[in-house]
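J.: Relevant sequence annotations retrieved from TrEMBL are reproduced here:
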| type | residues | note |
| --- | --- | --- |
| REGION | 1-29 | region 'Disordered' |
| DOMAIN | 38-67 | domain 'Zn(2)-C6 fungal-type' |
| REGION | 69-97 | region 'Disordered' |
| COMPBIAS | 86-95 | compositional bias 'Acidic residues' |
| REGION | 279-306 | region 'Disordered' |
| REGION | 558-612 | region 'Disordered' |
| COMPBIAS | 558-601 | compositional bias 'Low complexity' |
Amino acid sequence: MTGPAAPSVPPESAPAPGAGGHGGVSKRKFAAPPVKSACLSCRAARTRCDGGKPCATCQNRNRECVYLPSRRGGPRPRKKPRPEMDVTDVTDEDPNQIPSDVFTVLSQEPADAPRAPISIQDYIDPGAGLKQLQDWVPDSDFIFDSLFLNGMDPTVGGGGGFASDVSGTETPAHVAPMVRTYQSDAAILEAYYVFIHPFLPILPPPFSIPVDRPVPRLQDQLDLFEGAYEPSSAVTLAISAVLALIPCPEDPHPQTHESQLFRRKYAQFLAQSAFETIESDEEIPDSSIEPPRALSEEPKQPFRRPLHPQVPLELERIVALCVLSIYEYAQRGNLKKMQNRAGQALMSAMDLSLHSCTVRDEFTEARRRAWWMSYVCVAQGSIVSNTKPSFLVLSPSYTAEFPTFLADPEAFTVFMQAQRAILAATQFVIELNKALKENADMKPIFERMRELEALLAPLLARSEGWLLPSTTTSPVDPAEGVVARSLRCMASIKLNSARIKVHRYCAFFDIPVFSRKHCDLKPFNSSSSSSNSGGDEPRQWPACSCSTFVTPYAASTTGTVTTPSGSSLSAGLSPTSSDGTTITTATVTTTQQQQQQQQQQPSPPYPATNPFPFSSHQSARTCLKCALDISRAFEELPYPIPTGAQQPQGPPVFLSPTSGTVCPRTMPSFACCAMQCAYALLMVHQKTRALYSPNAAPGVVEGNLLIRLQQGLTSIYATLSNYAMSSEALGGMRDQIKSAIEDSTVFVVG
């Protein structure tokens with residue numbers, strides 16, 4: 001395949017009356033920034049207001065011009081006086097003059113940004129271990145002011161090639177940070193199919209193979225207001241926010257702090273604008289002008305061309321909210337907003353009766369995908385925040401059929417089975433922790449553990465025989481083979497992660513290995529797992545749970561009973577390979593020194609009665625196999641193909657033929673599965689190390705196991721590094737894995 005010549009959407013027909021080149025909305029060039037406060041009529045009509053009293057639009061149409069103060073508080077006061085010349089001075093001299101540092105301010109930390117952490121109410125404490133970005137920007141008005149109302153010397157960015165630093169010396173100018181933009185709705189839609197659709201197939205399949213056509217916008221670009229196109233609908237703004245986080249192919253240094261900061265702020269501007277557009281689409285002008293009339297008015301639908309010809313306008317709100325939900329998680333690290341956006345999408349879908357819709361027409365597939373992907377987003381919000389779902393997971397009213405993927409009709413079915421399985425496993429973890437905390441009867445917990453294992457084991461057995469369609473380097477096509485491959489990979493990842501959740505406590509007693517909380521994994525400083533003054537759990541595990549795979553109170557067939565008080569113990573250790581076969585068996589007996597160390601460590605919070613349904617050895621072996629399978633499944637996920645041409649297997653896929661930046665995968669709403677994988681690998685690694693003298697070289701079999709563990713950890717680290725290129729919050733997970741790898745490689749493999 002040499003690449004498509006046709007776009008992924010059909011040629012645009014003649015615009016409807018009142019529709020322009022921009023998706024049905026005529027866009028005018030403008031040379032001055034928008035006014036800070038528009039009149040109510042212009043807001044409702046979403047037209048440009050000149051701020052006059054009355055404004056020109058209202059005056060021409062002989063209608064009342066009413067202004068109300070902004071509910072969002074307006075511009076924030078600065079702590080320091082602005083050293084540059086005020087923008088109003090420039091505007092008074094020449095209203096057509098554009099500030100030259102329109103985008104420069106994006107790479108600078110604002111002086112009025114609060115230095116204290118954002119209110120804890122905005123996050124699900126402690127943030128699931130994500131790197132939380134400062135949330136100091138309250139709305140798009142403030143972002144827009146910071147973008148466009150900071151004047152400076154208009155010659156900056158000129159062709160001199162040198163820039164003066166604060167000391168007055170001249171240094172060679174670096175390439176200005178840049179962000180990717182698009183010149184039409186069709187270009188945004190094609191970019192969606194390239195970067196987002198393989199991992200969030202919420203729109204119908206493309207009509208042809210898509211090609212990415214970004215236009216870089218430099219930080220010091222002067223012709224900001226000269227472009228004829230701006231995304232204005234909620235769905236194009238939301239998609240553009242995710243795309244803006246992906247580095248430009250022309251950017252030689254996309255990972256510098258300045259480049260990341262510029263992309264971050266521009267993306268947040270688009271995301272906030274998308275959410276405000278969703279709200280403004282529901283506004284009724286008479287609600288502010290004449291409230292008694294508002295109740296009697298019928299809701300008005302936006303009059304514009306839809307983004308996709310097979311997606312009606314009323315579904316675009318749902319699509320935008322689902323995209324924004326994952327954006328809040330992966331980029332902002334804000335679990336509360338993630339859940340709010342997903343919940344709004346689900347409620348909007350149910351308001352349209354998408355969950356029970358049986359109508360068959362040209363919009364059938366769009367309705368199915370909007371409903372089920374909003375369902376998935378809400379479920380993911382519950383999983384990553386480790387909370388009970390706010391909706392019925394299974395309901396007889398959910399009669400909508402699953403979406404159809406021509407290349408693999410069963411792909412979405414197995415994906416939904418995995419989604420419900422990991423949601424059930426997450427609820428099991430919540431119930432287990434509650435029972436342990438309250439010293440409740442553990443029999444129902446153990447029975448639930450058996451039920452989940454009986455559910456997951458056959459599903460995973462079938463997943464091992466899957467033949468994945470397409471390849472990791474194939475482009476998206478109308479048959480959606482790449483999407484089907486991605487769905488099956490994600491299903492495998494979620495099924496294995498669910499099984500780790502079920503067996504993790506039985507295998508490892510939830511001993512923490514990370515310094516921050518990740519989903520339902522406890523951190524070092526958790527009060528429930530640490531009693532030392534510093535609040536950090538030592539990296540060396542207690543001997544009772546490190547040198548054995550048996551439960552702490554159940555007798556092993558190969559050793560003696562282990563008790564919480566730290567009596568002597570021995571057990572059989574049988575590390576397994578990725579296919580579940582036994583590698584070796586070694587018997588370990590604790591020394592007096594280990595017993596003394598064990599008595600000084602806090603005991604894991606396990607019950608004193610009711611043995612687990614599985615031995616610690618069985619559960620640890622299960623966790624190891626699942627973790628290795630997860631690392632392989634992440635490697636099998638497809639990469640975005642910007643050129644639309646089939647790429648050779650093996651070499652990495654770059655953003656363009658001339659770029660040295662690898663294409664990042666996007667929409668990692670299931671990143672917690674990577675942490676479950678890493679946790680299991682690290683625990684087995686530490687258990688294996690504890691069996692041998694630190695100064696002794698491991699045998700061939702032990703060395704082989706350690707190599708596999710380190711390869712799995714390295715693979716997960718590479719996966720999270722790729723995600724973190726366009727999802728900054730996942731950088732926290734990546735850094736935790738990196739730190740753990742550095743500690744785990746102390747054991748030299750001979």
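A Cβ is built for glycine as well, from the same backbone N, Cα and C atoms used for every other residue.
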J.: Would you report the average pLDDT that the model assigns to the domain 'Zn(2)-C6 fungal-type' (38-67)?
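T.: Looking only at the domain 'Zn(2)-C6 fungal-type' (38-67), pLDDT averages out to 79.
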J.: Using DSSP, how many residues in the domain 'Zn(2)-C6 fungal-type' (38-67) fall into helix, strand and coil?
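T.: In the domain 'Zn(2)-C6 fungal-type' (38-67), the DSSP-based counts are 12 helix, 0 strand, 18 coil.
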J.: How many of the residues that make up the region 'Disordered' (279-306) does DSSP mark as helix, as strand and as coil?
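T.: In the region 'Disordered' (279-306), the DSSP-based counts are 11 helix, 0 strand, 17 coil.
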